[in-house]
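Residues or ranges marked as transmembrane segment in TrEMBL: 43-65, 71-90, 169-192, 212-233. The domain 'Palmitoyltransferase DHHC' annotation in TrEMBL covers 126-252.
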Amino acid sequence: MSPAHRTRDIERQAGYLKPEHCVPPPPRSGAGSMWFIRDGCGITCAVITWFLVFYAEFVVMFVMLLPARSAAYSLFNGLLFSSLAFLALASHAKAMCTDPGAVPKGNATKEFIESLQLKPGQVVYKCPKCCSIKPDRAHHCSVCKRCIKKMDHHCPWVNNCVGEKNQKYFVLFTMYIALISFHALLMVAFHFVFCFEEDWKKCGAFSPPATVVLLILLCFEGLLFLIFTAVMFGTQVHSICSDETGIEQLKKEERRWAKRSKWMNMKVVFGHPFSIAWLSPFASPDYGKADVYQYIV
């Protein structure tokens with residue numbers, strides 16, 4: 001018998017759950033309470049992310065656009081870049097402070113199991129780490145110390161898991177970061193061409209060496225994050241369309257859930273129906289009446 005079958009047989013035994021070892025579940029937080037993971041590495045990465053976006057904003061506005069001769073060029077690119085940067089940071093904040101789909105901790109109690117009204121032969125799975133009954137497609141995160149529904153991965157850059165309820169914001173974050181990185185690289189290229197044709201002293205309020213250093217650092221930052229976020233954005237869109245999380249792909253888990261069309265999978269993450277709200281980090285997706293607690297297998 002394979003190890004997977006042995007594990008399943010063990011989990012079928014009534015004594016495996018040991019609900020008496022679980023403390024009563026904590027009261028559910030209100031809808032307005034903020035989710036935040038107190039992880040030193042994640043907090044540091046999140047602060048670095050915001051710092052790099054503000055650095056790019058500084059260089060774009062004060063090194064490239066304000067000294068430009070064309071007011072229309074500066075106004076258009078300044079508004080565009082600042083708007084995209086604002087949306088990127090708003091998406092990052094939403095991805096970081098939104099509950100990714102955490103299963104109530106410590107709900108594997110005798111009372112809760114009895115409330116499920118299990119029929120003979122039905123199986124429930126318990127996470128021994130957080131003492132909760134796991135819904136189908138949920139995985140335990142060692143950083144968040146919770147089981148997360150449809151967990152894709154834990155991202156230190158947003159100091160949170162990417163799961164069922166915040167995947168939209170993470171996808172928007174990667175998209176907007178890729179867009180501002182590409183926009184910044186274009187403006188750096190135009191600025192270098194302009195400064196080579198003109199006097200470098202007329203290219204900005206800073207000295208020519210300082211201007212070159214600031215532009216080179218921005219170019220390096222933009223190129224690095226453009227590649228990283230563009231690849232991550234494509235990976236996330238493919239994961240959504242195939243309805244298979246990163247963990248499920250990595251573990252090559254057997255598909256036990258209903259197959260939907262790619263367009264329907266997109267609407268499950270971004271909301272139904274399609275609208276401009278898909279691009280807004282301030283619009284919460286409508287998940288419909290789907291049962292988010294599918295405990296029974």
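Cβ atoms here come from the backbone N, Cα and C positions, even for glycine.
In TrEMBL, annotation is done automatically, which means it is predicted and not curated.
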Mind tallying the domain 'Palmitoyltransferase DHHC' (126-252) by DSSP state, helix then strand then coil?
75 helix, 19 strand, 33 coil
The average per-residue pLDDT within the domain 'Palmitoyltransferase DHHC' (126-252) comes out at 90
